[in-house]
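Read the structure below first, then the notes.
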Amino acid sequence: MQEFQSIPGLAGRLFGGAAAADIRRAQAQQGPASRCGGIPSPEAVKCPRCESTNTKFCYYNNYNLSQPRHFCKSCRRYWTKGGVLRNVPVGGGCRKTKRSGSSSAASSAPSTPTAATDNAKNQRRASASSPRSSSGGSGNTSPTAAAATTPTTPATPSSNTIAVINHATTTTTTTNPFPTDVPPPAPIFADQAAALASLFAPPPPPPLPVFSFAAQAKTEDGIASVLLAGQTTAPTAATVADMTPFTSLDAGIFELGDVPPAAYWNAGSCWTDVPDPNVYLP
């Protein structure tokens, strides 16, 4: 390990010696500002208006060190060294504006049609409630008199109220930029729907002929009837010609004659070609 060795002639001068004592003495003379870093505190600048020292430094005007700008917290004003003093306080919260009599009268009068209509409604309510109060007061004395004095006709508003309401309605109708009868919106896909309907629609019927074919149709019907008649007569003649040999044959071979059926079948004449009469033929 490294060992510290004392230097002859400097013992007690570096740490805790005469040098340390000199440093403490100098700091005590300069004050607490020197202990914090050696920067002296700025001198308090007096306000040129109120001579108050409650001021602070703001900045240098145009970065010029000869024109510092300060602010006075007492009179709330700025000033620049070498400049002109202006009597303009900072912030307008301290000043109070005075209201004129015309503005107060305008504020008290109804300025909008809605306020006029509200006043008219209040007047009508007051006029409607006055007969009720009178009838209620008389009801304390006699119930029958109260029932007899019940108002039968509603209170009618005054002419001034009607004029105010008409004026409000006219102003609202004239100043309304949006019409009340708005047409319904058109469908967005109207063209596409029409195109799809035209694609899937059935084909149109064929056009009607220019000339009429009523007489030609009748002629065709007559020709068809003639052809059918010829076809029906021709097969009948051929059939008769073909059946001529069969008609010329003797009909007795297909008939039993006068012999009863039982005697004919039991006589054995029809079984002469059978060699063994004991054989049963189905």
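Backbone N, Cα and C define each Cβ position, glycine as well.
Worth saying up front: this structure is predicted, and the values here are computed from it rather than measured.
Per Swiss-Prot, the features are:
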BINDING   Cys47, Cys50, Cys72, Cys75  Zn(2+) binding site
COMPBIAS  102-117  compositional bias 'Low complexity'
COMPBIAS  125-161  compositional bias 'Low complexity'
REGION    89-161  region 'Disordered'
ZN_FING   45-99  zinc finger
Review point. Quick one: mean pLDDT on the zinc finger (45-99)?
Key: 81
Exercise for review: Sort out for me which one of Cys50, Cys72, Cys75 has the most neighbouring CB atoms within 10 A, since those are the binding-site residues we care about.
Suggested key: Cys72
